[in-house]
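Encoded as structure tokens, the structure appears first; notes follow it.
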Amino acid sequence: MGGLERLGIPGPRTRDRVIDVAVVLAVGVASSVPFINREPGAVTALGVVANLATVLPLLWRRRWPFGVMVVVGAAAMVVSLHHRPGQNLQYAGLVAIYTLASLGHKRWQRIGLLVVILVTFPPASLLLKHNDLDEFMFTFLLPVAAFLAGSLERSHRERAAQLERERVSEAARAAAEERARVARDMHDILAHAVALMVVQAEAGPVVVRTDPDRAERAFDAIADAGRDAMVQLRRLLGVLKAGEDRAPQPTLASLPELVTGTALLEETGVRRAMAPDTEVAVYRIVQEALTNTVKHAHATRVAVLLDWSDSGLELSIRDDGIGGDVSAGGHGLVGLRERAAACGGIAEAGPLDGGGFEVRASLPYLEGVS
């Protein structure tokens with residue numbers, strides 16, 4: 001139970017469950033219309049079971065959209081062929097199509113669904129003798145509309161997630177730049193204080209014998225400058241560490257959330273232990289590569305591959321776009337090489353022979369792990 005539920009406020013999961021139950025009830029009511037005013041012999045056990053099989057699986061549509069689509073689709077076909085009783089409009093099928101288009105985990109599942117709709121539904125409409133325009137819309141145009149609506153919802157959700165990631169990234173980058181600016185200012189102040197201490201200390205041995213009063217003032221000035229330097233040093237260290245205490249550093253467990261809606265994540269081999277800074281490096285390399293892809297590559301497919309080999313983690317981020325500027329400094333791809341090198345690894349980036357762009361990195365495991 002999340003914090004909102006503990007406070008008595010429905011959280012997202014609770015709202016989703018309520019919506020799913022409401023959808024099932026609504027579809028169930030609509031699907032029960034053919035049972036009304038039927039003669040006893042017109043309703044068969046197969047018809048009842050098939051109709052229920054088109055409705056009840058919708059309770060699990062968010063968790064298993066593809067499986068629910070298969071079950072509902074098969075049951076809907078039985079209902080359409082059996083006609084005892086049949087359904088003029090497969091409401092459950094429309095909901096399943098919308099859900100798979102919106103929440104389908106694999107790209108091939110969504111493409112396969114669209115192909116099935118476009119290729120099989122028109123002849124199925126003729127087979128079931130839906131010859132007039134209204135029947136044809138029920139069996140073909142409405143499923144297409146449901147698929148398009150689900151795809152549009154998915155696009156809006158992915159776009160919102162991408163904008164949120166960019167907002168968080170830009171806010172973090174702006175904060176880092178501001179900390180760096182303040183640190184530079186404090187560095188200048190600290191350097192001035194230390195230089196003053198050096199000048200006073202060098203003059204001390206000369207005046208201590210000839211002018212004790214002046215020497216005493218010099219030593220007082222050194223002490224004051226030293227105290228000021230300590231204050232500035234503590235502030236400088238506080239500024240440099242300010243960003244570290246705001247949130248936990250990302251780990252490998254954070255990768256699925258990072259790539260959701262942007263790339264396909266694949267792993268091969270057995271996962272090994274890595275140093276915390278190396279896990280952060282993996283996350284940042286993937287993050288920067290995906291940002292570069294979204295902003296510059298105009299790619300339609302992106303894959304993040306983690307190969308847990310015997311010698312270390314082989315990381316690859318590939319896309320089918322035009323690539324980015326490999327020579328970009330600062331927060332660009334060159335920065336990935338520096339981040340990998342800091343962990344004892346290497347990173348490089350460049351175009352692929354068959355088209356597309358790839359960022360590659362080899363990173364070591366935790367010392368003593370093989």
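Heads up, the Cβ atoms here are built off N, Cα and C, so glycines get one too.
Remember, predicted model here, so these are calculated numbers, not experimental data.
Taken verbatim from TrEMBL:
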- 277-367: domain 'Histidine kinase/HSP90-like ATPase' (DOMAIN)
- 18-36: transmembrane segment (TRANSMEM)
- 42-59: transmembrane segment (TRANSMEM)
- 66-83: transmembrane segment (TRANSMEM)
- 89-104: transmembrane segment (TRANSMEM)
- 111-130: transmembrane segment (TRANSMEM)
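Along the domain 'Histidine kinase/HSP90-like ATPase' (277-367), the predicted structure has mean pLDDT 82. Across the range of the domain 'Histidine kinase/HSP90-like ATPase' (277-367), the DSSP-based residue counts are 31 helix, 27 strand, 33 coil.
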